[in-house]
Amino acid sequence: MKKIILARLSLITPPGSRTDLLTSGMILPDQVMVEGGKVVIPVNVPPDYPGDLAEVQSLIEDRLHSLDGIENLLVVLTAERPAAPQPTATEPPKLKKRPTEAPGRDMRPHSAAVPGIRTIIAVASGKGGVGKSTTAVNLALALRSLGLRVGLLDADIYGPSMPRLLAITERPRIEDDVVHPVEQYGIKVMSMGFLMQEESPVIWRGPMVVTALMQMTREVNWGELDVLVLDMPPGTGDAQLTMAQQVPLQGAVIVSTPQDLALIDARKGLKMFKQVDVPILGIVENMSTFFCPHCGQQSDIFGHGGAEQDARRLGVPFLGAIPLHMTIREMSDAGTPVVISEPDGIHARHYRDIALRVATRLFPEEDDD
Ligand SMILES: Nc1ncnc2c1ncn2[C@@H]1O[C@H](COP(=O)(O)OP(=O)(O)OP(=O)(O)O)[C@@H](O)[C@H]1O
């Protein structure tokens, strides 16, 4: 499918350009994401591009429209903004300390830090449905409850869930071409879901950076953050690999269920981050044990402990286990994640323990404070 899409794109020479979209580098094959029927095409428009950006977008849409198998096509126009004034070195840093350099960070090509954001971490899973988004949202809120300034970026292009999990009905504010994230429960939130809705296509047309995700990371006015939590799309395909390469990640949290199959998938996730030299902060075992809502009895339906053993075998930290509990799902569905709705409950405590382990790894020298 991707080959056919690329072949069609190579037939498009946009007005004002002498070569086609691929030859000119406006579309980089590696950045084209195809998953199931969903296709995302980032178009890197040169800053001096003389033509009409909307025209480029419709040329692509027209050319791909008739292809069987495309259910959802997203053409993301991205253009390098003329260098925005960066905070000068003399500006007083608001942060007490910089985090320690994580191993290998400097080896990665796109490790340029995002001004104002101390650390960016990815929450990822080898496969869908293991509770990655539930973990990401509760982890972000638990990090916040530890006193950190937290942002949450829902980068799950295929199934953005943060607006629902956090009961956000508001849209991000756009002022002077700058997007301001939505604030909810004390954290700043951006979601692909906000941008994909019909009524705000303006965000995609404005001057943007290299990819949609880079735009969401760098072009959004996050203010000062200690941690930006990135909820990655599930899986370990090209899309995830590109994201892991493009964003300056300090580390990754892998979410897995205890089932063997999920663990095999989790291993793929670990491998992917190692491949791009992103340190693994640890594994969270989700849905580890089942608590019956009626009798309160605990049962290890999926064989609890698999992730912990796996983590040990693979030499990566084990961050903690979250039980399969009706309350966690119900609270998520209600838009009030359990860390918010039952802050003194056992589940919130589990998430806070995990958050503490993550924070300790991200800011080791602040333990002394
Ligand atoms: N520990 C848990 N206890 C009970 N229900 C849970 C738990 N973790 C997640 N769930 C529920 O499982 C379902 C899937 O969770 P979630 O959407 O977080 O998974 P995901 O891995 O992000 O999925 P996707 O791959 O579709 O993005 C949701 O209904 C969620 O409420």
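A Cβ is built for glycine as well, from the same backbone N, Cα and C atoms used for every other residue.
As written in TrEMBL, here are the features:
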BINDING   Gly126, Lys127, Gly128, Gly129, Val130, Gly131, Lys132, Ser133  ATP binding site
COMPBIAS  83-92  compositional bias 'Low complexity'
COMPBIAS  98-109  compositional bias 'Basic and acidic residues'
REGION    83-110  region 'Disordered'
Checklist outcome for this item: CB < 6 Å to ligand 1, subset of binding-site residues Gly126, Lys127, Val130, seq order -> Val130
Checklist outcome for this item: Note: in the chain of Lys132 (ATP binding site), residues six or more apart in sequence with C-beta under 8 angstroms of its C-beta are Val123, Ala124, Ser125, Asp231, Met232, Pro234, Val255
